[in-house]
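For reference, the structure discussed in these notes is given below.
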Amino acid sequence: MLLFLTYSSLFFLLPLSCTPSPATAKPTIPTNLKSNNYTHGWRRFEKLVHAKRGSHICGISLLKSYFHRFGYLSGQQDRNYSEEFDSDLELAVIRYQEKHGLEVSGTLDPKTISAIMSPRCGISDSVKSGLHTTERYVYFPGHPRWFRQIPMTLTYAFSAENLIPYMSLEDISSAFRRAFSKWESVIPVRFEETGDYGSADIRIGFYGGEHGDGQPFDGVLGVLAHAFSPPSGKFHLDADERWAVDFEREKSKVAVDLESVALHEIGHVLGLAHSTVREAVMYPSLKPREKKLDLTLDDVEGVQALYGSNPNFTVESLQEYSETSNSYHPAVDLRHRSTKWAMFLAVPILYFFM
Ligand SMILES: [Zn+2]
Ligand SMILES: [Zn+2]
């Protein structure tokens, strides 16, 4: 907990701890890559665009804290990170670019900075040091899962004291029901809502700031939610986000789609870590007003390797589902993906933002 408090403090102390370099006075990040209207502190990373090894810029120390938090910079959190872009930071940037399907340059190019500023899940990314990342699903260390007889039932409940005032429990419950049902359709696991929060396997609530698990939330955008690997069942959403179940009703530019985030965090509850596949539900970031409502083949293969397949599941049924959904983004062409999967593993494809 102390480490994270230290990290949070760094955000607020930063302007006092160093003097901006003249070289950073005019960031040149393209307008279409700027996270306009993002109010979160990560916005200040924008001024680091084009920084590379040898750069000495006010804000580099904060970026080191960010990379440490999300698993890209090893060792102990350092309260006194320097403002120098050193070789350790360069390696962290390379790992980050590999994990996020960005061009691997080791420099903070505009697309990398844009990715870093994007709202994301609070769970650390699993990064294997010294190895090139394979583009596919990932597990937590030790491959934790729920060990119960298959088919199994997991119960879930909402914390009555930790909801959000502008959204009904009915709306919240419906969004989660839809998200759980998508995972149910591919593995032999049922999810059942219960009113008994204390005994539920999965305990869901909205929390603001520091809330007792050492991973404080950070206000609007930034970290959106986190859920812990089996058998924890802790599932927390940042109460300070503007959560939405219908973008027609919720017009805020920083609104976050509840069902999309629920779908992602349920993957953590089942044992999946962050995927490197940009289209996958288990990819770590989600932009405001973005929806990601369809499990991809990557998500399905990852979770089925842990639990086996639902007897009624077929790849074709997933395809049909994707075609009939109202996903904001076009669904992945699974027929193409399934036939090309071996090639995807052999030749990682580099994706780019927008
Ligand atoms: Zn996550
Ligand atoms: Zn939490």
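Glycine too: its Cβ is placed from the backbone N, Cα and C atoms.
These figures come from a predicted structure and were not determined experimentally.
Record features, source TrEMBL:
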type: SIGNAL; residues: 1-25; note: signal peptide
type: BINDING; residues: CYS121, HIS264, HIS268, HIS274, MET282; note: Zn(2+) 2 binding site
type: DOMAIN; residues: 142-309; note: domain 'Peptidase metallopeptidase'
type: BINDING; residues: ASP201; note: Ca(2+) 2 binding site
type: BINDING; residues: HIS211, ASP213, HIS226, HIS236; note: Zn(2+) 1 binding site
type: BINDING; residues: ASP218, GLY219, ASP238, GLU241; note: Ca(2+) 3 binding site
type: BINDING; residues: GLU241; note: Ca(2+) 1 binding site
type: ACT_SITE; residues: GLU265; note: active site
Sparsest Cβ surroundings (other CB atoms within 10 Å) among the recorded positions ASP201, GLU265: ASP201
Where the C-beta lies under 6 angstroms from ligand 1, the matching binding-site residues among CYS121, HIS211, ASP218, GLY219, HIS236, MET282: CYS121
Non-site residues, in chain order, whose CB comes within 8 A of the mean position of the CB atoms of HIS211, ASP213, HIS226, HIS236 at Zn(2+) 1: GLY122, TYR207, GLY212, GLN215, PRO216, PHE217, LYS234
Pairwise CA distance, MET282 (Zn(2+) 2 binding site) versus the residue listed as 'active site', rounded so that it is a whole Å: 8
Listed binding-site residues adjacent to ligand 2, that is, members of CYS121, ASP201, GLY219, HIS264 whose C-beta is under 6 A away: none
Length of the line joining the Cα atoms of GLU265 (active site) and HIS226 (Zn(2+) 1 binding site), in Å: 7
Proximal but sequence-remote residues of the same chain as HIS274 (Zn(2+) 2 binding site) (Cβ under 8 Å, at least 6 apart): LYS99, CYS121, ILE123, ASP125, SER126, VAL138, MET282, TYR283, PRO284
Non-site residues, in chain order, whose CB comes within 8 A of the mean position of the CB atoms of CYS121, HIS264, HIS268, HIS274, MET282 at Zn(2+) 2: ILE123, GLU265, GLY267, LEU272, ALA273, SER275, VAL281, TYR283, PRO284
List of residues, in chain order, with Cβ under 8 A from that of HIS226 (Zn(2+) 1 binding site) and at least 6 apart: CYS121, GLY122, ILE123, GLN215, HIS236, GLU265, HIS268
Binding-site residues clustered about GLY219 (Ca(2+) 3 binding site) [Cα within 10 Å; pool: ASP201, HIS211, ASP213, HIS264]: none
